[in-house]
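Asker: Quick paste of what Swiss-Prot says about this protein:
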- Asp23: active site, proton acceptor (ACT_SITE)
- His51: active site, proton donor (ACT_SITE)
- 22-28, 50-52, Arg315, 341-343, 423-425: GTP binding site (BINDING)
- Asp23, Glu24, Gly25, Lys26, Asn48, Ala49, Gly50, His51, Thr139, Arg153, Gln234, Thr249, Arg313: IMP binding site (BINDING)
- Asp23, Gly50: Mg(2+) binding site (BINDING)
- Ala309, Thr310, Thr311, Gly312, Arg313, Lys314, Arg315: substrate binding site (BINDING)
Amino acid sequence: MESKNFKLPSPLATVIVGTQFGDEGKGKLVDYLSANYDIVVRYQGGANAGHTICFDGKSVVLHLVPSGIFHEGCTCVIGNGVVIDPVALLEEIKTVENLGYDVRGRLFISHNAHLIMPYHKLLDSLHESAQGDQKIGTTGRGIGPSYEDKVARKGIRVVDLLNPELLKEKLRENLSAKNKLLRNIYDREEIDVEAMVQEYEEFDKIIDPYVTNTQAYLTRELQAGKTVLLEGAQGCLLDVDHGTYPYVTSSNPTSGGACTGSGIAPNYIGKVIGITKAYMTRVGNGAFPTELLDETGELLGKIGHEFGATTGRKRRCGWLDLVALRYSLAINGVTEIALTKLDVLDSFEEIKVCTAYLLDGKELHDFPTDHQTLAQVTPVYTTLKGWMASNAAARTFEEMQLEAQRYVDFLEEQVQLPVTFISVGPGRDETVFR
């Protein structure tokens with residue numbers, strides 16, 4: 001048989017994943033790398049996670065629009081795996097435009113992305129309030145209820161805004177069930193269907209120019225040789241399948257979610273960069289083996305400004321956990337590590353790193369997948385010498401403080417992956433590449 005030269009996909013896409021409980025500093029890396037990519041895609045989550053970008057003396061928080069929007073040559077895509085709050089999205093678009101950046105023609109929204117409706121946010125808050133001590137720690141932004149409707153095949157998608165009659169029909173069907181909950185369970189007033197239809201028809205007029213079949217668009221661009229950077233929200237340990245269930249988010253922040261949430265085929269993925277904070281934080285409830293409930297934890301939070309970009313909630317702080325990190329690196333197929341917020345450790349004489357867990361007198365090196373077991377483990381620490389000086393002026397690894405270099409070397413040795421990016425300060429330029 002005559003051989004045929006079929007054109008196979010080139011690995012032109014890079015996935016950026018958080019390897020911890022979110023808040024790892026993904027926004028800075030995406031912002032930094034966006035200048036080298038043609039397209040940046042957000043593939044899951046919603047307005048429950050904020051990416052903070054610092055440039056030109058400004059600090060901007062984005063929840064839905066990809067961080068690459070601040071690079072003029074970059075096109076941004078909100079993928080089908082994202083749940084979109086139209087109100088929050090329009091506010092972000094306005095914020096970006098007010099900073100002098102063009103959005104139209106540079107931002108595309110998947111017609112298959114699901115919408116967060118007002119009843120999702122209301123039910124989210126009411127349900128969380130009713131949980132008492134069993135609260136998950138939701139942001140109250142309607143993310144979970146929107147994903148619930150998606151899985152139940154009752155969700156309202158962006159494409160539904162383009163058909164007012166279909167939108168009205170779906171809203172009536174959904175609100176029939178939601179209003180029963182509001183009235184009978186939570187003793188709240190029902191939501192008016194007609195008012196909501198009118199409100200969302202107005203959203204359609206504004207959003208329509210941005211809506212497209214993003215899966216087809218991304219595939220065409222990749223086939224044409226364009227490069228794509230995919231960014232998720234939260235982190236691996238909050239993944240609904242692989243995280244500390246039930247204290248997790250409602251989607252898949254892992255690298256597998258990048259494909260399902262964007263429509264990009266796996267064989268287009270060439271690199272997976274794991275964003276890892278030099279220490280650990282967590283927002284809300286759930287097991288956290290290395291959490292520091294003392295002055296050290298308070299100091300980490302104070303120096304690191306550890307307050308949620310979305311909710312303003314104080315983050316719990318602790319030392320770096322290599323048991324959890326190895327687990328995340330394996331699940332995501334991470335090819336290299338980006339180490340963030342190393343500067344927060346500049347003031348510590350000693351720095352501890354968890355290398356194993358103790359449970360019932362036995363040492364564990366595998367991350368427990370059930371929350372009950374994880375809540376019972378005790379961390380085993382290795383203590384490293386601190387560097388007690390700033391690395392903010394360093395632009396090469398050799399210019400960093402010697403003990404800071406040793407900290408990075410120790411991390412690489414423990415996880416057997418290269419650390420190729422080190423953030424030594426919040427600014428764009430306060431970065432070391434290797």
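Every residue gets a Cβ built from N, Cα and C, even glycine.
Are these features on the surface or tucked inside, and what are their neighbours?
Answerer: Asp23 (active site, proton acceptor) is surrounded by 29 other CB atoms, counting those within 10 A of its CB over all protein chains shown.
All chains included, 29 other C-beta atoms sit within 10 angstroms of the C-beta of Gln234 (IMP binding site). In the three-state DSSP scheme, Gln234 (IMP binding site) falls into the coil class.
DSSP classifies Asp23 (active site, proton acceptor) as coil under the three-state reduction.
Cβ neighbours within 10 Å of Arg315 (substrate binding site), excluding its own Cβ and spanning all shown chains: 20.
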Asker: What is the Cβ neighbour count of Gly22 (GTP binding site) at a 10 Å cut-off, with all protein chains included?
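Answerer: Counting Cβ neighbours of Gly22 (GTP binding site) within 10 Å gives 26.
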Asker: For a quick check of packing: other C-beta atoms within 10 Å of the C-beta of Thr52 (GTP binding site), how many?
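Answerer: Neighbour count, Cβ to Cβ under the 10 Å cut-off: 18.
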Asker: Pull out the binding-site residues from the set Asn48, Gln234, Lys314, Arg315, Leu342, Val424 whose C-alpha sits within 10 Å of the C-alpha of Asp23 (active site, proton acceptor).
Answerer: Gln234, Arg315
Asker: Cβ-Cβ under 8 Å from Val424 (GTP binding site), same chain, 6 or more residues apart: which ones?
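Answerer: Expected: Leu342, Asp343, Ser390, Asn391, Ala392, Ala394, Met400, Glu430, Thr431, Val432.
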Asker: Check the Cα-Cα distances from Lys28 (GTP binding site) to the binding-site residues Asn48, Gln234, Gly312, Lys314, Arg315 and tell me which is shortest.
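Answerer: For Lys28 (GTP binding site), the closest Cα among Asn48, Gln234, Gly312, Lys314, Arg315 is found at Gln234.
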Asker: In angstrom units, rounded to an integer, how far apart are the Cα atoms of Gln234 (IMP binding site) and Gly22 (GTP binding site)?
Answerer: 4
